[in-house]
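Visitor: Could you have a look at this structure, given as structure tokens, before my questions?
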Amino acid sequence: MALLTAKTFSLQFNNKRRVNKPYYLRKALLCYQLTPQNGSTPTRGHLINKKEDHAEIRFINEIKSMGLDETQCYQVTCYLTWSPCPSCAGELVDFIKAHRHLNLRIFASRLYYHWRPNYQEGLLLLCGSQVPVEVMGLPEFTDCWENFVDHKEPPSFNPSEKLEELDKNSQAIKRRLERIKSRSVDVLENGLRSLQLGPVTPSSSIRNSR
């Protein structure tokens with residue numbers, strides 16, 4: 001597996017509310033770890049959005065291409081820079097329902113358009129379909145740093161301070177997600193798919209991208 005650079009980790013998992021100057025795009029990056037229940041060596045990889053596919057769709061296709069033994073259970077942990085959009089949430093739910101031997105957990109550094117009802121419903125759909133969605137904290141950022149980042153060259157920042165900063169910033173995002181989860185809403189898969197999810201153009205001042 002090609003590892004991330006320390007700079008990529010620092011920029012893309014940055015969970016500040018706004019990007020400081022110099023501005024840059026915070027892209028959708030997905031790191032996954034697939035662990036067989038029999039204790040075999042985990043399989044790791046990372047994917048980023050491409051023009052035709054979001055990182056989550058590329059992840060689904062990559063797992064399908066592995067030809068996993070369906071008689072064996074696997075724990076799959078995903079670290080995402082952005083939480084899934086409604087369309088990807090529906091695709092992930094369908095994927096897990098069709099592959100009962102996979103146990104998927106999702107941890108996101110940031111919540112994508114969390115104020116929009118259809119994006120909230122996508123998160124609720126995942127949680128209601130036994131695909132837990134949580135906000136990354138210190139244990140998840142540390143695991144991601146240790147297992148997905150190339151440490152051959154020293155970073156331009158103090159890793160411990162960076163991880164502590166990410167953890168501190170995550171507290172408000174965790175509270176935001178808990179408020180979404182506390183909504184008394186019945187999320188129906190058919191209703192989600194019927195929503196018109198037109199293209200979204202993020203504010204240039206926030207500099208976010210999927």
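The backbone N, Cα and C atoms fix where each Cβ goes, glycine too.
Nobody curates TrEMBL annotations by hand; they come from automatic prediction.
I grabbed these lines from TrEMBL:
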BINDING   His54, Glu56, Cys85, Cys88  Zn(2+) binding site
DOMAIN    4-126  domain 'CMP/dCMP-type deaminase'
MOD_RES   Cys73  cysteine sulfinic acid (-SO2H)
Visitor: Return the residues near Glu56 (Zn(2+) binding site), defined as same-chain residues 6+ apart in sequence whose C-beta is under 8 angstroms from its C-beta, sorted by sequence, else 'none'.
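Guide: Expected: Ala28, Leu30, Leu80, Pro84, Cys88, Glu91, Leu92.
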Visitor: Using C-alpha atoms only, work out the spacing between Cys85 (Zn(2+) binding site) and Cys73 (cysteine sulfinic acid (-SO2H)) and round it to an integer in Å.
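Guide: That comes out at 27 Å between the alpha carbons.
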Visitor: What's the number of neighbouring CB atoms sitting within 10 A of the CB on Cys85 (Zn(2+) binding site)?
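Guide: Counting Cβ neighbours of Cys85 (Zn(2+) binding site) within 10 Å gives 21.
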Visitor: Test of understanding: give the count of other CB atoms lying within 10 angstroms of the CB of Cys88 (Zn(2+) binding site).
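Guide: Summing over all protein chains shown, Cys88 (Zn(2+) binding site) has 25 other Cβ atoms within 10 Å.
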Visitor: Hey, how far is His54 (Zn(2+) binding site) from Cys73 (cysteine sulfinic acid (-SO2H)), Cα to Cα, in Å?
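Guide: Given the Cα positions, His54 (Zn(2+) binding site) is 26 Å from Cys73 (cysteine sulfinic acid (-SO2H)).
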Visitor: Give, as a single whole number between 0 and 100, the mean pLDDT over the domain 'CMP/dCMP-type deaminase' (4-126).
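Guide: Mean per-residue confidence for the domain 'CMP/dCMP-type deaminase' (4-126): 94 out of 100.
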Visitor: How many other Cβ atoms sit within 10 Å of the Cβ of the residue listed as 'cysteine sulfinic acid (-SO2H)'?
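Guide: Counting Cβ neighbours of the residue listed as 'cysteine sulfinic acid (-SO2H)' within 10 Å gives 15.
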Visitor: If you count Cβ atoms within 10 Å of the Cβ of His54 (Zn(2+) binding site), leaving out that atom itself, what do you get?
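Guide: I get 21 for this one.
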